[in-house]
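Contents: one structure, followed by commentary.
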Amino acid sequence: MSKKHYVVWAGKTPGVYDSWPACQAQVTGYPEAKYKSYATRALAEAAYKDGWKKHWGRGGKAAAPAGEGKAAGARAGAGAARRPGSKPAVSPASIDYDSVSVDVGTHGNPGPIEYKGVDTATGELLFQVGPIPNGTNNLGEFIAIVHALSYLKARGSARTVYTDSRTALAWIRNKKIASTLRRDASTAQVWALADRAMRWLHENDYPNKIVKWETESWGEIKADFGRK
């Protein structure tokens, strides 16, 4: 894993740190700590100079390492300012980084789709499938979630799965696909995968939580294909 660098905007001693333990020492126990990891020291130093309002809580490619969210956890709280009457901002520290994030890339809807699952903490690619001809975003999200559940069950892991699709979450919860995509030769592959995923759900139990990724508060999901 490449070395990361950490910005602490609000902590015991604000600054740029070159290891997670050093950063952790500054934010653990500090009320409303604000911190984030970056791939290079130059990026971290620039972000530190910019200030937390421009960077903190906006997601992006630089993810916090495993355990980072738990370390500051509830102590970090929701420190971002908000308008009266609006929903509280959700701190990045409330993200469960010991998790898998899934997302779908599309070229038209319906159209060719692909999906992948990544380690939420590191961005490491765990699996990727596609392109699959003539699918939909919702079918892809559903298949990706079940792929993640199957992947984790095979490894004896109870890690959380994140998705940004409310529709796919409903299909998982109800164990029923409510897609209007027609079934014909052009959609045979995506429907075969979706039907197989549904059979897996009916035939398997799993301990994993499946959680909605809050894009508005956290930025794009870590598996995002960047095609929006």
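Quick reminder: no glycine exception, Cβ is built from N, Cα and C everywhere.
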As TrEMBL has it, region 'Disordered' corresponds, among 25-58, 59-92, 127-160, to residues 59-92
The DSSP breakdown of the domain 'RNase H type-1' (90-228) into helix, strand and coil residues is 53 helix, 35 strand, 51 coil
For Asp103 (Mg(2+) 1 binding site), the nonlocal same-chain Cβ neighbours (under 8 Å, six or more residues apart) come out as Tyr115, Lys116, Glu141, Ala144, Thr163, Asp164, Ile221, Ala223, Asp224, Phe225
Model confidence over the domain 'RNase H type-1' (90-228), as mean pLDDT, sits at 89
